[in-house]
Amino acid sequence: MCGIAGIYAPHGSPALEPSALAAMGEAIRHRGPDAGDIWRDVEAGIGLVHRRLAIIDLSPAGVQPMHSPCGRYVVSYNGEIYNYLELRRELEEAGLAPEWRGHSDTEVLLAGIRAWGLAETLKRTAGMFAIALWDRERRVLSLARDRFGEKPLHVGLFGGEIAFASEIKALRTHPAWTGEIDRQAIALCLRHGYIPAPRTAFTQAVKIAPGTIVEIDADALTPESWRVTPWWDTLEEARIARRNRFSGSDQEAVDQLDELLRGSVARQMISDVPLGAFLSGGIDSSTIAAMMQSLSAAPVETFSLGFHDKATNEAEFARAVANHLGTRHNEIFLSGEEARDLVDEMPDVYDEPFTDQSQLPTYMVARFARTRVTVSLSGDAADELFAGYGRYHSIDRQWQGTMSARIGRAARRAYVSAQLAGIVAPAERLGLSRIGRKSPAGLRLRLEEKLAGLTARSAVAAYERKFTLMDTAHRLVPGSTRETHPLADTVAQETGWSVLEQASLLDLVHYLPDDILVKVDRAAMAHALETRVPFLDPAVVRFALSLPDRVRLMGGQRKGVVKQVLDRYVPASLWDRPKRGFGIPCADWLKGPLRPLAEDMFSSAQIARLGLLDEELVRLFWDDFLAGDRRRANMVWAMFVVQLTLSRHTR
């Protein structure tokens, strides 16, 4: 795993100077501290940057940017292709292999591109990656991301040139960077807690969507003119899988998942550097750690984070699982004070507002793991694939119990409009209990929040609204509008899909790449730690998508089929307990040691300087929270993160 960056300026640019390219690389040095290099073709207007974290083939033969033997292609690539040995053999057997210079997956990637083309090569891979490929013959820059967005890739838009990078901080080194904020993106952040692709917090930067290839040439320098090719479509894969549903017995399902996941873990354990696993003692991480240990002749390094607060501490559970498996377990205990002190570092880690509170413990356990290993496997994505979130199982029941499920769209809208008009006049303000006591406008919007679910067009649309920080969060950002994920309506039209299947698929393409995988990538790569996600192997994903609800909920339990697999390795007495999550007491911190900083972020001067949030509503939120309304804690935290992050990254 590494960091990549570069410039494409076909009409020339000072940003192509070696010093400018080196500055981009230095901005992401933490992603690849082992080496850094640049390559440029000034006449063509292209410059590629690479920061190396050596994982496979530690020799100079693995250095990037790397040229194909034929000289046509140059690549700067971040990630891992886990099945590269299989692809290497396939190339050799077909007589398509070059004379190998080393044993890196980058060499195999380039050989595959020469033999099969970029899209067909990516379809053959099992891996995670962000790729920048320059075709010297066609003079085309191709930017590509893996299926689910495990590896990030951002593009900076600077008129007659573009920049690209693993992280936004490298784009900020460009002399034309202004830091202008995208108001709609901030409204989305306050709605979801993160900014969904393709938006970023800044008008000059976008994210490449997972599973796509973007081609850019001298005549296509704006997003509207890019040639975008999806090489993987999760929705279409789900359609195919559900037309060919798994029809075997429960035992056959458990056997098949065990085999597929073990294969994924085995491939992801290939490394020329020390490797371990995160272990919370929960179902997902315990499954991965158990399989790793069963495949290893030596004790596997496992890592857990404990808190001195018993309500959030899971260290004892992780320790029990580790003892049973025989791993070499490492644990660290951290106080709230230590975690709280890291809050001020997060804007530099994430570059844009990102409010998931578990970013702090994730950052800390990654830092701890890096003291012993360079690669760590995790149990992420099991909840989205195997229906692990409790919210999936409440939405169907709640939807069927609402008027929205029983009356037409026009009738729903008429009903809600009548209710609102009959109580207060129309207003464009946000509803809170405190505002409601003081203004009719506030009362109207408070009611708007309560009635929002009644206007939902489907169960999955109601799900998308319900499990946000606040459905009417756009009211906090004047000039923004309410924006929902377009896939919600598309998924709702799929016939034969259960509400659980619809909701979990929405999370797989929305919440997983833009929240969970962002959190883990930035937190780990801040310490040059590579993370790998065995549950996202394409064979595992396709199998999960084919499973009917009765299998995913085997035994009437969330992630039932995964639990049955884990039970083969670890007795249920060590892991069968309610899901806790990986959170922090943000409400207590905001009222205690973080209060002076929060007061500063919510001050008239700071709000006016950034010019983003509605000051009156911010103050009312804050005052309500301080008065004891803990329901507003998550939104207050989100506003705090927005102000703190953007105050750091705007000029």
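Glycine residues also receive a Cβ, built from the backbone N, Cα and C atoms like all the rest.
Residues or ranges marked as domain 'Glutamine amidotransferase type-2' by TrEMBL: 2-219.
Counted within 10 Å of its Cβ, the other Cβ atoms near Cys2 (active site, for GATase activity) come to 29, all protein chains included. As annotated by TrEMBL, active site, for GATase activity applies to Cys2.
Annotated L-glutamine binding site per TrEMBL: Asp105, in sequence order. According to its DSSP assignment, Asp105 (L-glutamine binding site) is helical.
Applying an 8 A CB threshold to same-chain residues 6+ apart, the list for Ser378 (ATP binding site) reads Ala277, Phe278, Ser285, Ile288, Val520, Thr531, Arg532, Val533. Annotation comment: TrEMBL describes Ser378, Gly379 as ATP binding site.
When secondary structure is read from DSSP and collapsed to three states, Asp380 (site 'Important for beta-aspartyl-AMP intermediate formation') falls in the coil class. According to TrEMBL, the site 'Important for beta-aspartyl-AMP intermediate formation' annotation covers Asp380.
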- Task: Could you check what DSSP calls Cys2 (active site, for GATase activity) once collapsed to helix, strand or coil?
- Result: strand
- Note on the structure: Counting every protein chain shown, other Cβ atoms within 10 Å of the Cβ of Asp380 (site 'Important for beta-aspartyl-AMP intermediate formation') number 24
- Whole-Å Cα distance, Cys2 (active site, for GATase activity) to Gly379 (ATP binding site), is 21
- Item | Number of other Cβ atoms within 10 Å of the Cβ of Gly379 (ATP binding site) across all protein chains | 22
- Message: As a test of reading the model: what is the averaged pLDDT for the domain 'Glutamine amidotransferase type-2' (2-219)?
- Response: 97
